[in-house]
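Annotated features in Swiss-Prot:
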REGION    25-241  region 'Interaction with GRB2, ERI3 and SYN1'
REGION    28-119  region 'Disordered'
REGION    54-103  region '6 X 8 AA tandem repeats of P-H-G-G-G-W-G-Q'
COMPBIAS  55-105  compositional bias 'Gly residues'
REPEAT    71-78  repeat '3'
BINDING   HIS80, GLY81, GLY82  Cu(2+) 2 binding site
BINDING   HIS88, GLY89, GLY90  Cu(2+) 3 binding site
REPEAT    95-103  repeat '6'
CARBOHYD  ASN192  N-linked glycosylation site
CARBOHYD  ASN208  N-linked glycosylation site
LIPID     ALA241  GPI-anchor amidated alanine
Amino acid sequence: MVKSHIGSWILVLFVAMWSDVGLCKKRPKPGGGWNTGGSRYPGQGSPGGNRYPPQGGGGWGQPHGGGWGQPHGGGWGQPHGGGWGQPHGGGWGQPHGGGGWGQGGTHSQWNKPSKPKTNMKHVAGAAAAGAVVGGLGGYMLGSAMSRPLIHFGNDYEDRYYRENMYRYPNQVYYRPVDQYSNQNNFVHDCVNITVKQHTVTTTTKGENFTETDIKMMERVVEQMCITQYQRESQAYYQRGASVILFSSPPVILLISFLIFLIVG
């Protein structure tokens, strides 16, 4: 009986000590925090003073120490102590004390340099480029190519081409190959739309093409359209082969069996 009483008292003492330690940990430390001697807000100028409410022994509405609307200690709208809108003590937008909104204090966060604005000319240019392709009735723009070296049969045209090849397109417009019955139809349509589009766009910029330019441009674009057709045909057949492979019954059964093993 005595041992049970002793054990109970030891348990009570342990719980009391544990509770006291927990309360000590939760007690605020002196010198910092909200409404204590240390300043937490960056906008304070007077040492040891806070903004909400001011220190000095007074409470809200007291004649000394700073209350709401009091002549001493610094309250809301007071001439001393540094309150909201005061000339001293460092409040919101104040010339002294530092750290207010737009002030010379070292902790101001409102004077950061503004982020650079998006260049709207670049955005508009990108949108316009997308509209050109979309406005051609389903035509796609191929990737850039190196302009082919072509011989035209005489030295004058060969030299003229080498000197002016940079004026000719290095990309072609085309539709998907499955919309054409053969390569000739694809190339014919590709050459017409590419030469027309390049001529109209370049003429709008103030540059004109001669008959020699058109002749050479058609030869250059024709070679690039043939290359584009070969690329698209190869990719099209590869996609078709993949679909046929994965749609065959043996492959479907194998995939189903593997899924069954993984899930099961």
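The backbone N, Cα and C atoms fix where each Cβ goes, and this holds for glycine too.
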Among the glycosylation sites ASN192, ASN208, point out the residue whose Cβ has the most other Cβ atoms within 10 Å, with all shown protein chains included in the count.
ASN192
Given the model, what does the mean pLDDT over the region '6 X 8 AA tandem repeats of P-H-G-G-G-W-G-Q' (54-103) come out as?
46
